[in-house]
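Colleague: Before we start, here is the structure in question, set down as structure tokens.
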Amino acid sequence: MTERTLVLVKPDGVERRLIGEVVSRIERKGLTLVALDLRTVDRELASQHYAEHDGKPFFESLLEFITSGPVLAAVAEGPRAISAWRQLAGGTDPVDKAAPGSIRGDFGLEVQYNLVHGSDSPESAAREIKLWFPNL
Ligand code: RTP
Ligand code: MG
């Protein structure tokens with residue numbers, strides 16, 4: 001079934017010049033990019049995006065991090081796009097969870113600075129795409 005998922009290259013990924021690497025992996029997998037935008041996120045959007053983590057010990061530093069510099073926001077489309085992109089990204093912890101060969105496994109070391117974001121379910125994808133790309 002064709003799905004859409006939200007893709008973010010977080011500020012650490014942009015700063016490390018990994019946009020091309022991430023876009024390349026998405027395209028090589030066979031997913032189609034249907035929206036792409038480089039932007040700096042305000043606190044309002046960041047806290048809505050990460051609303052599920054409100055109240056957790058890492059919430060404040062997560063907001064600070066995600067608003068600290070430009071992010072690449074994108075929407076990728078294709079069969080099972082949500083799982084396919086989560087697999088390309090790798091598990092949340094780049095060392096303990098992300099397999100070598102995944103983006104986080106290949107380029108990440110710390111859980112907060114894990115380079116990319118992907119929607120985790122069809123419901124999250126719909127909510128996040130509407131939030132980031134209301135006109136899509
Ligand atoms: P994301 O939402 O960014 O795609 O990552 P995820 O689903 O793999 O992980 P999630 O549990 O949704 O956590 C969101 C982001 O919060 C940061 N985090 N820090 N310090 C910590 O223990 C901790 N845990 C999570 C990470 O940047 C994670 O991607
Ligand atoms: Mg998540």
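Here the Cβ of each residue, glycine as well, is placed from N, Cα and C on the backbone.
Automatic, uncurated: that is what TrEMBL annotation is.
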Colleague: TrEMBL has PHE58, ARG86, THR92, ARG104, ASN114 down as binding ATP; which of LYS10, LYS29 does it also list for that site?
Modeller: LYS10
Colleague: Hey, of PHE58, ARG86, THR92, which of those binding-site residues are within 10 Å of HIS117 (active site, pros-phosphohistidine intermediate), Cα to Cα?
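Modeller: Near HIS117 (active site, pros-phosphohistidine intermediate) by Cα: ARG86, THR92.
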Colleague: Other Cβ atoms within 10 Å is the metric here; tell me which of the binding-site residues THR92, ASN114 scores highest.
Modeller: ASN114
Colleague: Of the recorded positions LYS10, PHE58, THR92, ARG104, ASN114, HIS117, which ones put their CB under 6 Å from ligand 1?
Modeller: PHE58, THR92, ASN114, HIS117
